[in-house]
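**Student:** To start, I am sharing the structure in question, which I have written as structure tokens.
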Amino acid sequence: MALKNINYLLIFYLSFSLLIYIKNSFCNKNNTRCLSNSCQNNSTCKDFSKDNDCSCSDTANNLDKDCDNMKDPCFSNPCQGSATCVNTPGERSFLCKCPPGYSGTICETTIGSCGKNSCQHGGICHQDPIYPVCICPAGYAGRFCEIDHDECASSPCQNGAVCQDGIDGYSCFCVPGYQGRHCDLEVDECASDPCKNEATCLNEIGRYTCICPHNYSGVNCELEIDECWSQPCLNGATCQDALGAYFCDCAPGFLGDHCELNTDECASQPCLHGGLCVDGENRYSCNCTGSGFTGTHCETLMPLCWSKPCHNNATCEDSVDNYTCHCWPGYTGAQCEIDLNECNSNPCQSNGECVELSSEKQYGRITGLPSSFSYHEASGYVCICQPGFTGIHCEEDVNECSSNPCQNGGTCENLPGNYTCHCPFDNLSRTFYGGRDCSDILLGCTHQQCLNNGTCIPHFQDGQHGFSCLCPSGYTGSLCEIATTLSFEGDGFLWVKSGSVTTKGSVCNIALRFQTVQPMALLLFRSNRDVFVKLELLSGYIHLSIQVNNQSKVLLFISHNTSDGEWHFVEVIFAEAVTLTLIDDSCKEKCIAKAPTPLESDQSICAFQNSFLGGLPVGMTSNGVALLNFYNMPSTPSFVGCLQDIKIDWNHITLENISSGSSLNVKAGCVRKDWCESQPCQSRGRCINLWLSYQCDCHRPYEGPNCLREYVAGRFGQDDSTGYVIFTLDESYGDTISLSMFVRTLQPSGLLLALENSTYQYIRVWLERGRLAMLTPNSPKLVVKFVLNDGNVHLISLKIKPYKIELYQSSQNLGFISASTWKIEKGDVIYIGGLPDKQETELNGGFFKGCIQDVRLNNQNLEFFPNPTNNASLNPVLVNVTQGCAGDNSCKSNPCHNGGVCHSRWDDFSCSCPALTSGKACEEVQWCGFSPCPHGAQCQPVLQGFECIANAVFNGQSGQILFRSNGNITRELTNITFGFRTRDANVIILHAEKEPEFLNISIQDSRLFFQLQSGNSFYMLSLTSLQSVNDGTWHEVTLSMTDPLSQTSRWQMEVDNETPFVTSTIATGSLNFLKDNTDIYVGDRAIDNIKGLQGCLSTIEIGGIYLSYFENVHGFINKPQEEQFLKISTNSVVTGCLQLNVCNSNPCLHGGNCEDIYSSYHCSCPLGWSGKHCELNIDECFSNPCIHGNCSDRVAAYHCTCEPGYTGVNCEVDIDNCQSHQCANGATCISHTNGYSCLCFGNFTGKFCRQSRLPSTVCGNEKTNLTCYNGGNCTEFQTELKCMCRPGFTGEWCEKDIDECASDPCVNGGLCQDLLNKFQCLCDVAFAGERCEVDLADDLISDIFTTIGSVTVALLLILLLAIVASVVTSNKRATQGTYSPSRQEKEGSRVEMWNLMPPPAMERLI
């Protein structure tokens, strides 16, 4: 049983071991390729084979074992036509060899001829009989020149430079430290000696390093090390830096290298007389206590002032045997013990309290004193002011209104130490305010009780609200219920009786308002037995007069017009002085006059018993008559107007308090009418309102109550008759008179006035050329500038004064003459308009024709036609003088010509002229209105006709113009006038000849030349201008006889009116020979000039007759004037010459050159501009010159704004951004479109290759050095520098990483990964091992039986060994290779791309 159990146990172990092995075998079988889905094109993968075995679904396609590629690419005959398919050995690709005439990858393109773009890169296509052939440029090859030959294939660039292939060439980009075409020249960076302060320079590749000596630092060893940086010096000493050292400058009192020792200043024992020396820092002090001495060194014997005898902080001064106290201000006494009392003079005003500054006990108690007591400031006092005052002496009143205490809009008035508020009336709320601060509402006017627009003023007194009425003018009473206005209607008065006031020093007054238009009127009269006072208007002014005992004592007046119908207030106050006051809106201030009181005795000036207002009761009572006769008073007109608010001795006067019978023509109220409102004077005079009526002050020549009548005018010279008026004076007028009259005339001459007697002519006044003239015997004649004969009415005045006679027009003084004094006597005669003696009249301007009205001698009217009711005192004698001022019928003679219509005017006529006629009588025809001249000509009116004026243009080829007189010229030809502008230096302008007479005007040697021989003269006259005239500008020329009235005369030349004129020295005749059929040539050429005049010539005038360039043109009006020069030649004349050189205005823009062609101009434009004025900017961008940029047009140029990466005028240059690159440490610069990048070399990285990858080692010296990379050890062996490389590196500088994969150590398709000094094989899924040499895919059945046999034998021998062997076998796969099937199956095969790094640059010390 036990054995059976053992057998069962053995069978169990064997079976279990077999199952484990089978499991592990299946898990390790080579089925990984099927898991990776390597079979393509819907094929099926077969497991358990060494390699893939794919069953392809389409066996006809000749696919490989993975069913993804064809074993033979030519299997499907991909080449077209008769092309031959060639299989590339070792590759699954093919190449088609095309027959002639075909091309393309599969020979699909037929080549028939050189088609478009058949040859690339500029190759030239050559037509072959079979197919075209491309002749390639240098640097390219291939059938179509499509292959760029790589010139870099031979690696021409040295020292790690980067070769850039070009077209038929190459470029080497050197790493820093090398230069030359092939980068074969090393750069010595130490050549410029960059290291300072004797430092050692190490030359490296592309850079240098400075080995600094002791005490220097910095990149170039330029910085000295500051040894004072650590602050080694003590006790305030100053550290001085030196080269490799420092020095300490000790402060006074210290010693030592670091100033650490303090000097003992007491060592010299400076203190005397037993004084104790106390040492300090750089000083000492002596303590003299108990020695009896004082001073810095205890050297001075203690003075008498030591006992402090002086009081009040006074200064004590010792002398030989005494002392003196120097007191502070405010103190006195031998020891300054007396305090002066500055308040004794009571300096503080407004009850201010005076406090002395020396009162120390008051400090801190009174706020006006300083904060603390000081003897230095104890002199003086301060004033403690009462509330409301300030200032040093309380002299300033504080403005209590500054705090705005008044409320509700009240106005604050500042008072001494106080204020008061003037409270307003609030119109919006209709509220009155009162109280000290206007804070109380006053209710007294709640129920308004004031009448007649009186103003209610509320108040609050004794707890009661009340009011008072402020009455307007004309009312009084507590409620303004009593009217005070009185109306005086003339010859009336108001008698007021009052008790006498006899107290000396009493004050009485008179006050009233009045309104009147009277200039003379009595306002008030007061009197007693010996004194009377009169207030009256004299010439509109207020007058106050006082008489005492029939003698005038006081006479006051105010020179301000009060007779203007407005209200005026006047007041008289009798006190110690008499004051007259006028209050008027037109007075800027009160009008006041004062005088001393007229009484000398104890009697009061107020002792008046009777007062009369508005007038006196003349003849009314015996008392009144006696009163007037007693004082012999001149009568003053009674007042007419209104009085109101009359107060006598402060009492209101109204009709109610006047007794019956004490007034006459006085009514209550004020009745006034504006009499002038209806304009009763008819605008012929000034209306004067007389209160009860009106009066017209008539303007001359009107008269009558309403100025309706007019003084009759006298008509002189009616229908050209001769007449005059005689006035014989019937009284004497003395030596001062005024004679005036109205005058109207259109004649320039005529006698106006003559004053004389039978033997003597006093004065004459007449018209001379329309102006007034005046003459007296033995005086010069006066002729004024004023023109009188304009047909208007003028007021002429003559004022005769002693030694002087003045002439006026209205109020304007026209002038005066000095004359002897004479008197106008009775029997003298005034003549107006003429004199009886016709011959004498003609000598004084002739008979006057016109009207004279309102003649006045002083204020007496001398009427031509007096009214019988006027009782005229002077009866005139009239000769051919009619009434009124009717004018003559001037149209009676039909004065208008050419169909004009006559209109009669006063002593004149006017004509309504037909079209194109003018003149007073339409006698002038406006020929130019008919447009008689051709285009380009200007019509110029001349006497009895017109001329066509134009500036002619001569171009040098147009030929001369011939003129000839028409035979009707009768005037004297004494001058020639013309204008021209030319640049010719020699040319003839005008030429005429009729032997022996000759005329020539030309330009010779740039100057104007004039020749003339005429009349009976045997000499030829020549004149040459002083200035050149061929400057192209206009010149105006006048050639004239200096004496045109003589048969022969010198001639003068005027050019542009510039003085001096050129005058001939000989005389010759006029130009009259041109009137006799003489040919006149204009614009001829000079003898030595093949061309004629080239320029402009204006129309020439000879004696005022034009040489017109236009003959009588068909269709135009022929010139009607008799005197003409005719154009004989038929050649047309070009007109339109410009008056000025148009080029002066600079019409050519942008620097264009202007050429004056006389009738216009021509602009020669600079580069970049075109157009008539060179105003058009030529667009240089039109041709698109910018290849890689945007074009901006400029003047005669363009500017290209290049795209990034391009430059050049036309953006044609590709920018080499590496020219100024910053690539360091031998890096290669790679240029891009917008910049560059650095290809780092060796052990460097970063944007500019300035950071090291691994530390480097430098050995050698300043001349020869070597840098080892990648941790190499630099050693010097037998004077040769070598790098001992770490395992895995090689090269001269250890710059090369040894490629351990170069020998292909990995088998069975394993991928070799190069590592540092080793390699790693990435095995295929079916292999393992360090080199993938272990095959994991043996036959599964063979493995099973071999394993079972081995296990059986082992179990039979040692059961335990079999179990161990089974466990070891099961774990075998887990320790072999580097492959993880699960990861590879999930993520696919791992591929690592290793950067191939160029060798680093060699660095060495030079």
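Yeah, the Cβs are placed from backbone N, Cα and C, and that goes for glycine too.
I grabbed these lines from Swiss-Prot:
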- 110-146: domain 'EGF-like 3' (DOMAIN)
- 224-260: domain 'EGF-like 6' (DOMAIN)
- 714-885: domain 'Laminin G-like 2' (DOMAIN)
- 887-923: domain 'EGF-like 13' (DOMAIN)
- 924-960: domain 'EGF-like 14' (DOMAIN)
- 1297-1333: domain 'EGF-like 19' (DOMAIN)
- Asn30: N-linked glycosylation site (CARBOHYD)
- Asn41: N-linked glycosylation site (CARBOHYD)
- Asn287: N-linked glycosylation site (CARBOHYD)
- Asn427: N-linked glycosylation site (CARBOHYD)
- Asn453: N-linked glycosylation site (CARBOHYD)
- Asn657: N-linked glycosylation site (CARBOHYD)
- Asn968: N-linked glycosylation site (CARBOHYD)
- Asn975: N-linked glycosylation site (CARBOHYD)
- Asn1190: N-linked glycosylation site (CARBOHYD)
- Asn1243: N-linked glycosylation site (CARBOHYD)
- Asn1265: N-linked glycosylation site (CARBOHYD)
- Asn1273: N-linked glycosylation site (CARBOHYD)
- 1348-1368: transmembrane segment (TRANSMEM)
**Student:** Non-local Cβ contacts of Asn657 (N-linked glycosylation site) (under 8 Å, 6 or more apart, same chain)?
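**Tutor:** The list for Asn657 (N-linked glycosylation site) is empty, so the answer is none.
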**Student:** For Asn968 (N-linked glycosylation site), write down the residues of its own chain that are at least 6 apart in sequence and whose Cβ falls under 8 Å from its Cβ; none is a fine answer.
**Tutor:** Glu1122, Glu1123, Gln1124
**Student:** Across all the protein chains here, work out how many other Cβ atoms are within 10 Å of the Cβ of Asn427 (N-linked glycosylation site).
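**Tutor:** Other Cβ atoms within 10 Å of Asn427 (N-linked glycosylation site): 7.
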**Student:** Between the Cα atoms of Asn453 (N-linked glycosylation site) and Asn427 (N-linked glycosylation site), find the distance and write it as a whole number of Å.
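**Tutor:** Spelling it out, the Cα of Asn453 (N-linked glycosylation site) and the Cα of Asn427 (N-linked glycosylation site) are 16 Å apart.
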**Student:** Other than its close neighbours in sequence, what residues sit by the domain 'EGF-like 13' (887-923), given a CB gap under 8 Å and a spacing of at least six beyond its ends?
**Tutor:** 718-720, 745-747, 791, 849-850, 929-930
**Student:** Would you identify which of the glycosylation sites Asn287, Asn453, Asn975, Asn1190, Asn1273 has the most other C-beta atoms lying within 10 angstroms of its C-beta?
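**Tutor:** Answer returned by the neighbour count: Asn975.
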**Student:** Given the glycosylation sites Asn287, Asn427, Asn975, Asn1190, which one's Cα is the least distant from that of Asn1273 (N-linked glycosylation site)?
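**Tutor:** That would be Asn1190, the closest of Asn287, Asn427, Asn975, Asn1190 to Asn1273 (N-linked glycosylation site).
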**Student:** To the nearest Å, how far is the Cα of Asn427 (N-linked glycosylation site) from the Cα of Asn1190 (N-linked glycosylation site)?
**Tutor:** 80
**Student:** Grab the pLDDT values for the domain 'EGF-like 13' (887-923) and give me their mean, rounded.
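**Tutor:** Over the domain 'EGF-like 13' (887-923), the predicted model scores a mean pLDDT of 90.
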**Student:** Counting by DSSP, what is the helix, strand and coil composition of the domain 'EGF-like 6' (224-260)?
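**Tutor:** Going through the domain 'EGF-like 6' (224-260) residue by residue, I get 4 helix, 13 strand, 20 coil.
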**Student:** Quick test of the contact rule: Cβ under 8 Å, at least six residues beyond the ends. What residues does that give for the domain 'EGF-like 14' (924-960)?
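**Tutor:** Counting only partners 6 or more residues beyond its ends, the domain 'EGF-like 14' (924-960) has Cβ contacts under 8 Å with 898, 915-918, 979, 1081-1085, 1091-1099, 1104, 1106, 1108-1110, 1113, 1116-1117, 1119-1122, 1129, 1131, 1133-1139, 1158-1159.
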**Student:** Count up the helix, strand and coil residues in the domain 'EGF-like 19' (1297-1333) according to DSSP, in that order.
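**Tutor:** For the domain 'EGF-like 19' (1297-1333), the helix, strand and coil counts are 0 helix, 13 strand, 24 coil.
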**Student:** Tell me the residue counts in helix, strand and coil for the domain 'EGF-like 13' (887-923), as DSSP assigns them.
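**Tutor:** Helix, strand, coil within the domain 'EGF-like 13' (887-923): 4 helix, 12 strand, 21 coil.
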**Student:** Can you tell me how the residues of the domain 'EGF-like 14' (924-960) break down into helix, strand and coil by DSSP?
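**Tutor:** Helix/strand/coil tally for the domain 'EGF-like 14' (924-960): 4 helix, 16 strand, 17 coil.
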**Student:** Rounded to a whole number, how many Å is the Cα of Asn975 (N-linked glycosylation site) away from the Cα of Asn1190 (N-linked glycosylation site)?
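**Tutor:** Cα-Cα distance, Asn975 (N-linked glycosylation site) to Asn1190 (N-linked glycosylation site): 71 Å.
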